[in-house]
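Report on the following structure.
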Amino acid sequence: MERIWAVKAEGSCPASLESFDCSNPHKGTETVLASCPSMQASQQHRSSVMASRLYHQIKQEVEPEPYWFPQLPPIDPSLCYSDGFHFSVESSNENFCTLESSSANGSYTAYNSTSLVGFSPNGSPMSQQDSQSYPSDLHHSPDNNGGSPISGSCVTDDVSDLRDKLKELETVMLGPDSDVIDSKTSLEMGTWRLVTDAISRGDLKQVLVFCAKALSDNDLLMAQWLMDELRRMVSVSGEPIQRLGAYMLEGLVARLASSGSSIYKALRCKEPKSADLLSYMHILYEVCPYLKFGYMSANGAIAEAMKDEDRVHIIDFQIAQGSQWITLIQAFAARPGGPPHIRITGIDDSTSAYARGGGLNIVGKRLSKLAEYFKVPFEFHAAAMSGCEVQREHLQVRPGEALAVNFAFMLHHMPDESVSTENHRDRLLRLVKSLSPKVVTLVEQESNTNTAPFFPRFLETLNYYTAMFESIDVTLPREHKERIDVEQQCLARDVVNIIACEGAERVERHELLGKWRSRFRMAGFTPYPLSSLVNATIKTLLENYCDRYRLEERDGALYLGWMNRDLVASCAWK
């Protein structure tokens, strides 16, 4: 029988010669591998490399081709502020929010068409390319009844097919010829198994987290593939997590496209008439107690501090529609001994004019008419500017007036030391302290998104707005025709901004009350105790809402939450 002789090389296995049978090449190798650590390690290494190559080959099959996300030319956004929550609208003929791209320089392969990522008429986010980008039959598959086109970029769309491939790969990797598996490959396999399990279970929340993690790790192929899967799972007319998921997906797409800034500015919603927009804000105000809670707690602290004052000056750093002061004017009108003279300085930049249907003079006329009806002496001073522009001379403080300053859902829009060396957040607090106010009220969303890196910020946003959307679902029926508009116009843009934008472009920068306390103390303030009477009134108010809302008083502050999640915090300072 013909034999091939292998001559021992220097430094190889102790056996000087080993013969191999050509008719059975594997015969005898067990003995060699068992007696030769170097050959055993070499064989194991080759098996591991082969398995790793096979893994990445399968991974390339199931991941989509990279999209080309062109950057938009700069577009000036028209920002509006609701009574508390920041949002914006721009003119468009679309029925739902869209992310529109036109041209850019990118490293990805460019399709010969414009890309449009947004919401289809039935409420499902979609990714569209013209016929040069995708085969037409992929857009009109008979199995695609959800309204979202099937992406032509994913070779293996069926999850069970993917799982079969992964199982086949696992068998190869764990076979008898390979006892050592590369740890990185094993880790990647574990992640893929978790991802596919989440998709097969329809666990939208977990898939959103996996997608954000892939984006955070710069695993763009994985992120793009998961975005394709998410488009089939979200809907602006579905369950609370499906609705929130639609807007969070939009934020992820915007972040992937151009770090968020261009896409965020170009995010277009159907522009309602100003009267309709006010209606949406009023609906949110009525169905969710968050804004009402914040205004009532702040007004209670101001009324308590001013109960013996004859002349009261209130500086509101984001007056919006002026709705907060309607109940306070009524309360002052009923004060024993007669109402004080009230002067309100309303600060709000000009971009809020659309939501009001005009400038701050509309707020002044509205409040003046109300005060006249209740026979309360009243003045209104308009300061149409951003909080970043406010200086002492703009506030027109007069001697003999007791001063109250209101920061309701406003300070988190001010850039701090992490964004600007000017640090307007702390500058405003020092400016207000120099005015010697009797009381300063703070109402803010209890969330931590200011300096947090992208991935933990995404998790915090997902947790916070899940509670928010669940609470809306309880009080506003899902079939309510205006619910989509309320969420889209008043909440969605905040979500996209938090996820997609960085630096000065990210204006939604919330902090927990513990951090606000530190800022107020550094500016020289001390806590002002909240009125127990006001707290009792707010508790009574909550009885008209779902019993899953909860009110808690701790450390001199009031917290309004949904189930186990704090959503809004209110406190006062002097």
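For all residues, glycine too, the Cβ spot is worked out from N, Cα and C.
Bear in mind that TrEMBL entries carry predicted annotations, made automatically and left uncurated.
Just so it is clear, the model here is predicted, and its values are computed rather than measured.
What TrEMBL annotates here:
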- 119-135: compositional bias 'Polar residues' (COMPBIAS)
- 119-154: region 'Disordered' (REGION)
- 143-154: compositional bias 'Polar residues' (COMPBIAS)
- 202-262: region 'Leucine repeat I (LRI)' (REGION)
- 281-346: region 'VHIID' (REGION)
- 312-316: motif 'VHIID' (MOTIF)
- 362-394: region 'Leucine repeat II (LRII)' (REGION)
- 500-574: region 'SAW' (REGION)
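Here the region 'Leucine repeat II (LRII)' (362-394) sits against the region 'VHIID' (281-346); at least 3 CB pairs are under 8 Å, leaving out pairs fewer than 6 apart in sequence. Secondary structure of the region 'VHIID' (281-346), assigned with DSSP and counted as helix (H, G, I), strand (E, B) and coil, comes to 34 helix, 12 strand, 20 coil. Shown for the region 'SAW' (500-574): DSSP residue counts in helix, strand and coil, namely 25 helix, 23 strand, 27 coil. Confidence over the motif 'VHIID' (312-316), given as mean pLDDT on the 0 to 100 scale, stands at 97. Across the region 'Leucine repeat I (LRI)' (202-262), DSSP assigns 46 helix, 0 strand, 15 coil. Shown for the region 'Leucine repeat II (LRII)' (362-394): DSSP residue counts in helix, strand and coil, namely 18 helix, 6 strand, 9 coil.
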